[in-house]
Amino acid sequence: MNKINESVLTNELTGLPNCSENLSIHQLTRKITARGEGHTTNTGAVSVVTGKYTGRSPEDKFIVQTDELKDNIDWGKVNKPIDQNTFYSLYIKVVNHLRNQDEFFSFTGYAGADQHYRLPIKVITEFAWHNLFARQLFIEADDNDWDCGQGCFTVISAPSFKADPELDGTNSEAFIIISMEEKVILIGGTEYAGEIKKSVFSVMNYLLPQKNVLPMHCSANVDYDGDVSLFFGLSGTGKTTLSADPGRLLIGDDEHAWSPNGIFNIEGGCYAKCVGLSRDKEPQIYDSIQNGAVLENVICTDGVPDFDNTSLTENTRAAYPLRHINNSVVPSTAGHPRTIIFLTADASGVLPPISRLNKEQAMYHFMSGYTSKLAGTERGVTKPQATFSACFGAPFLPLNPRRYADMLGEKIDKHGVDVFLINTGWIEGPFGKGKRIPLEYTRAMVRAALQGELDEVDSSADPIFGLQIPVTVPEVPEKLLRPWETWNSYESYKLKAEQLAARFHENFEKFTDVDSAIVNAGPLYKPV
Ligand SMILES: Nc1ncnc2c1ncn2[C@@H]1O[C@H](COP(=O)(O)OP(=O)(O)O)[C@@H](O)[C@H]1O
Ligand SMILES: C=C(OP(=O)(O)O)C(=O)O
Ligand SMILES: [Mn+2]
């Protein structure tokens, strides 16, 4: 028996008279307004603010270190160890904190749309709105269908419980602690709902590889002939935006897994960034913010959201279930991908807007995970910050990135997948300095790649990065395709590009024992 069961807290939280279980969307919405947690908007969404924490807090995230995990987890800056006793004493405090509330909430459902691989989860929250978030983001069980099976994971979220770092062994008042052994995720001190979904994703990134399933930080959609595409990318690179496509069916916007049977969504809902959201540019996302959706940190006046107001954060969010998008696939499973797109938001304006990757380049760029952290998603990031985030999702990977990369490589090979690198970042030239490449052009490039329109198009070689750039893409100004032509001077382009290439090489040094063909698929330019 484990320590939690032995403790005085044998009574589970659920089952207590003050625990409201599996309330409906309507009931939760009423609770949220009655308890003063938030307001409803003109479209029936719920609007809440999260206070101090408006993005993820990576410094506050820990994994409980046990003998079994010692050699399995890739310990370091992302996966910081915390000892079992520290976890247990904090767990007891948090549970008591919840038990002492007049009311708290519980949702039972699943992570994983494929019945063979799904993980039963329980999300126990102090706030009604976090429970609505969980209901919308995870997968609902059919009535009476929920089966804890071989082990349910419990997420406990108690934002008003603030840790004392000195006493409790945390980094700050906020903490996100994962115990794989106890199957518990303990969250306190922060109200940002993204912690709930991304910590479950971290758990899936640990569990699924054991079942020979590859978890992926990507969105997914499928055309009407069944051709599946994946869009990998770190936060803000366009997974949610670009996967919402009226011409294709949405499978999911953020977390998927690839099994021997095909792909499946880990979640049942989407979590879209809302900064600058307009019906004109992103109609599907805009129209999903209806009854039961949750708006986080969006300023509303008389119930009308102002998506241009970033006074609380750049990282404003909307959470809604997949069924709010009319062309979505629920249950969200599909076949093997035919095309994979790596999204990168290059802040230095030197990566081409689209290039085709051969197999070795695909591996090289997946392992590198070059992009920028965008303002707001992580605490302390206020402007685009270049980063190498392995597998385009380093913050969520408990295992060594090689595990995931090797699995992806095998699958790309086996299924003959086409891979493209698309830069959704900042470009020099025609649209003004410091502007992101217009969304309409990125969409046109994605369309061309997915419809096979680039298969017959010649390509030109990128002089610094060695990427194959299509010479033309329908509906995209030709000049935009080759960054060295958009810069005012070739020399300044070259300098910047060489600097970035050098960073690629430097970052890749951490990968030892890699096939030389993959190492050589990096940038052509090498610093002397
Ligand atoms: N060229 C572009 N491609 C994709 N997104 C863009 C582009 N230009 C601006 N954006 C904006 O960037 C944000 C992308 O965020 P999102 O799709 O939520 O990323 P992710 O899901 O990867 O975190 C959206 O707010 C979108 O409107
Ligand atoms: C929710 C997050 O991810 P994304 O922006 O990819 O949706 C996050 O990183 O906190
Ligand atoms: Mn997203």
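Using the three backbone atoms N, Cα and C, a Cβ is placed for every residue, glycine included.
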Identity of the Mn(2+)-site residue among Asp164, Asp168, Asp253, Asp254 (reference: Lys198, His217, source: TrEMBL): Asp254
Candidate sharing the substrate site with Tyr192, Lys198, Arg317 (per TrEMBL), from Arg56, Arg443, Arg447: Arg56
Protein Cβ atoms within 10 Å of Thr241 (ATP binding site), excluding its own: 24
Integer Å distance between the CA atoms belonging to His217 (Mn(2+) binding site) and Arg56 (substrate binding site): 16
Asp254 (Mn(2+) binding site) and Ile437 (ATP binding site), Cα-Cα, nearest whole angstrom: 22
Substrate site span - longest C-alpha distance across Arg56, Tyr192, Lys198, Arg317, in Å: 14
Of the binding-site residues listed as His217, Ser235, Thr241, the one whose CA lies nearest the CA of Tyr192 (substrate binding site): Ser235
Sequence-ordered binding-site residues from Lys198, Lys239, Asp254, Ile437 with Cβ under 6 Å of an atom of ligand 3: Lys239, Asp254
Binding-site residues close to ligand 1 - of Arg56, Lys198, Gly233, Thr237, only those whose C-beta is under 6 Å away: Gly233, Thr237
Env. residues of Mn(2+) site, Cβ within 8 Å of mean position of Lys198, His217, Asp254 Cβ: Lys197, Phe201, Ser235, Glu255, Gly393, Phe396
